[in-house]
């Protein structure tokens, strides 16, 4: 709506702001005195007897803060040197160069005796007074100072100001840019908006227009959604703090090796950008709280919101960059899927080939950029500089080009340039790139050793620093010791004093004590002992074996502390079946030969003596037969 109000609104001649004259700027004054003036003061609505309070509103919803401002940037006369041939012919026309900071004019100009309403517009105002940041236009980059003229809250006075500026030639050959700035606020959507119309007058003549409309939300935490956003920001800050702590611990642990991992670098960059986002949000909050009330009190001057707008825009920029890199981190976790793993491995495996291809592409691309700039730069605007020629070639890759304009420059050279560029880029370079990707993908797909990643258990380096109550996973503990599900049920029934089906903390402690001391007994048919390599319990085992009959004895060695790359243990066991006559061999067995370096450090071995009833029945049946 605001763009329609200021940019696309037409004068009586049917011209818009983008259609201003290419000569001395007469149409610029028509735009200011026409649609822009009528929108600022609601001149179109005065016949409807709208009350005076409605003046200063755009479309009755957007409140104008303060007044609008015109700012002109000029260059010094004779800022460029004439050729000696023109000097010989007494060429008296002054020379005005292109705008640069060192050539900016800061002297007063015009005839002050003719200025009634615009005495300040002919004197230079420094950047310290305007408090305006540097702005980059289409032609050049302009400083924050200049020759300033403020609008007024009275429509008639403003019209007199505009007419006086036009009559006394405020815009002349030394003018390089005219800025029109106005700040509005829409309370319905809680947005501040900065509207800037720029007319640049290059040294080559004519005028080039551009528009900038920036809308930001400076007043925050009003609605329920805003407070929900505030809670999310707090959570985000806490997560960043935890990530910083973990990253610092990991850097101290791995030292310089930390930087040799790509995902560590990406994580470090994400943390830095997140920290910058938090700083910008804090600065934006305090700056808005400090300056906003003062700016809103300004009525007869231009309220400069540049600092607040730039803080908010920079904050959004770093936030968007942080989110973009965070999305890239998802590739790290997509390797659990084979298809995504193939894609990631393909890209990582062909990086060297892609770098080589990029070098060849840049050589050809820059050669055509230079050639196009030289051939078409003086005829076509899209080739007027080396920078614009780069964008013109990128558009040609996407199929956006004007063959007829290039052919008008040269009947042969234009089409030849276009077709040769398409041939090398599309038919040669593009197919080379596809061949590199296809060959690498085929090689990775045929790799039989390629395995998808497993999801690791969530853990943080600093988790051990947090005090917490230890718990016993008794079911897992019993399964690692070789107990079956039926045995576990019996154990739970034995130690479950309150009969709730689970073992509380006190019951688990009793069970753990019995496990460690070897006192856990389910019935007469099941005995469990813990045998160490120092054979300190060998005599007790021997005594029990001598007192037992019809025992089917087995030794089960569990590798309890061998961890795989996932973080969980892999149970492996060795069972030695012995007969009754082998009891002495069992006791004399050197357990250290069984317990190799693959097992736990204390060489803990579990000896289970089970009275196998089925084994006894089989023996009895054989005797009968």
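Cβ coordinates are placed from backbone N, Cα and C, and glycine is handled just like the others.
Per TrEMBL, the features are as follows:
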type: DISULFID; residues: 80-95; note: disulfide bond
type: TRANSMEM; residues: 227-245; note: transmembrane segment
type: TRANSMEM; residues: 265-283; note: transmembrane segment
type: TRANSMEM; residues: 317-334; note: transmembrane segment
type: TRANSMEM; residues: 354-376; note: transmembrane segment
type: TRANSMEM; residues: 412-437; note: transmembrane segment
type: DOMAIN; residues: 483-518; note: domain 'EF-hand'
type: BINDING; residues: 496, 500, 507; note: Ca(2+) binding site
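For the disulfide-bonded residues listed here (80, 95), the lowest count of other CB atoms within 10 A around the CB belongs to 80. Counting neighbouring Cβ atoms within 10 Å of each of the binding-site residues (496, 507), the lowest count belongs to 496. Comparison of 265-283, 317-334, 412-437 by number of C-beta pairs under 8 angstroms to the transmembrane segment (354-376) places 412-437 first.
Taken together, the residues in the domain 'EF-hand' (483-518) have a mean pLDDT of 75 on the 0 to 100 scale.
A Cα-Cα distance of 98 Å separates residue 95 (disulfide bond) from residue 507 (Ca(2+) binding site). Under DSSP, residues within the domain 'EF-hand' (483-518) fall into helix, strand and coil as 24 helix, 0 strand, 12 coil. Counting only the Cα atoms, the space from residue 496 (Ca(2+) binding site) to residue 80 (disulfide bond) is about 99 angstrom.
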